[in-house]
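Below: the structure, in structure tokens.
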Amino acid sequence: MPDYDTQTLRDWDRRHIWHPFTQMKEWEESEPVVIVEGDGSWIVDSEGNRYLDGVAAIWTNVHGHCRHEINEALKAQVDRLEHSTLLGLTNDKAAVLAKRLAEITPSGLCKVFYSDNGSTAVEVGVKMAFQFWRHEGQPEKSRFISFTSAYHGDTLGAVSVGGIDLFHGVFRPLLFPTIQAPAPYCYRCPMGRGTPAACGMECLAELERIMESHAGEVAGLVIEPLVQGAGGMIVQPEGFLRGVRELCDRHDILMIADEVAVGFGRTGAMFACGREGITPDIMALSKGITAGYMPLAATLATQRVYDAFLGEYREMKTFFHGHTFTGNPLGCAVALASLDLFESDRLLEKLPKKINKLKEKLQGLIELGHVGDVRQCGMVAAVELVRDRATKEPFAWEERVGVRVCQEARTHGVFLRPLGNVIVIFPPLAITVEEIDFLVDGLAKSIRTVTEG
Ligand code: PMP
């Protein structure tokens, strides 16, 4: 139990915490739920209420909360070494983890650059790609292609390659301009087409046109493989990612895959790129890397990218980038314990049954009057609520339908977060099939209550 009563904690929070992505005026008038414990797929508040964690501690949790084996690994590491530095030294856990990451990521990624959150992992990738072409004697290759609805984090470089106006618009004057390509948001196809089968993925043809019109200018393309997360859990049609890889190859553009949200099993495979059999030139990892325990991130690169940075000191080919907590041994020890659990729990082997269960349960939601689209990729799913299914007219933003559905879900013991009118389902991978029932049933009831009165 916490050291202070709920009201005291709420008061201190309202007085002193400035919450992320939160209208604080509203928050100050609310009675925040104070989470004090975690247990498997559940989180527990200071009053003893339990909620199924439908967002996996903001898309990070893999093996459940407070998993004994990870707790023990963390305790053992903290008794040996809490932090050192990768500036002039290495440490055992960082070295072992780098080797294992090189083994499990798509073949060809062999160099690991550590940082501590998803935004920096992407930003490192962008800077690497930019500097790479300078070393290759092609400094004119300096621009980036990114996608509409993309989200790569909140630091300025990551925001520059983002494409969500609501979050990023205000900062535009501070950002470097990018070349935006249409995301394959099939429910609201930017090319005005129907299903991917019917259109032959015209968005790929459009991407190629964009590459051709910027021939010789593009350093890299940044993409969230298979699922665009914060943009609304937009699931890409099969083959899109492979098509992007082919286009990057054809136009000699470095492909930066942001697997911050989808890495570590989320899509049913260890990495989303693996599902389409591709290797990006650069890959950003965070969130699931420590199964949701510690802030850690890694940017992986191929030998080709890395080799461009080798030279005599005076040649100024060094990658001048690094954060204080780079390669933190606590984070690395936890990441190693998580990888062990993937094996000992045979987690990936168990996923198809859960994925099918989720799929079957989601079928039930399609019947609800205001569910416009249900999309799923492995253990991530989204339900897009609309005012009118026939016209796909969205609910007005001010109606806050998504927020209200998630608020209602709490009364059914389920914690969810919306992205506008899209309800995201992103539970710990350790969730059981019975818990999937509970989660989707709670969501269905909540959607009914809010949208049907
Ligand atoms: N990339 C993707 C795809 C993400 O979903 C996120 C976070 N939601 C980030 C980058 C940024 O990660 P962080 O919040 O750890 O900076």
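Every residue, even glycine, has its Cβ placed from backbone N, Cα and C.
No curator has checked TrEMBL annotations; they are predicted automatically.
TrEMBL has this to say about the protein:
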BINDING   GLY118, SER119, ASP258, HIS323, THR324  pyridoxal 5'-phosphate binding site
BINDING   TYR151, LYS287, GLY322, ARG417  substrate binding site
MOD_RES   LYS287  N6-(pyridoxal phosphate)lysine
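Sequence features annotated in TrEMBL and their locations in the structure.
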residue: GLY118; record: pyridoxal 5'-phosphate binding site; Cβ within 10 Å: 29
residue: SER119; record: pyridoxal 5'-phosphate binding site; Cβ within 10 Å: 24
residue: TYR151; record: substrate binding site; Cβ within 10 Å: 27
residue: ASP258; record: pyridoxal 5'-phosphate binding site; Cβ within 10 Å: 33
residue: LYS287; record: substrate binding site; Cβ within 10 Å: 28
residue: GLY322; record: substrate binding site; Cβ within 10 Å: 15
residue: HIS323; record: pyridoxal 5'-phosphate binding site; Cβ within 10 Å: 15
residue: THR324; record: pyridoxal 5'-phosphate binding site; Cβ within 10 Å: 9
residue: ARG417; record: substrate binding site; Cβ within 10 Å: 16
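Ligand 1 lies under 6 Å from the Cβ of the following binding-site residues, listed in sequence order from SER119, ASP258, HIS323, ARG417: SER119, ASP258. Between HIS323 (pyridoxal 5'-phosphate binding site) and LYS287 (substrate binding site), the C-alpha separation comes to 17 Å. In this structure the alpha carbons, written CA, of GLY322 (substrate binding site) and SER119 (pyridoxal 5'-phosphate binding site) are 13 Å apart.
Taking Cα separation as the measure, GLY118 (pyridoxal 5'-phosphate binding site) is nearest to LYS287 of the binding-site residues TYR151, LYS287, ARG417. On the backbone, the CA of ASP258 (pyridoxal 5'-phosphate binding site) and the CA of TYR151 (substrate binding site) stand 9 Å apart.
Under the three-state DSSP scheme, ASP258 (pyridoxal 5'-phosphate binding site) falls in the strand class.
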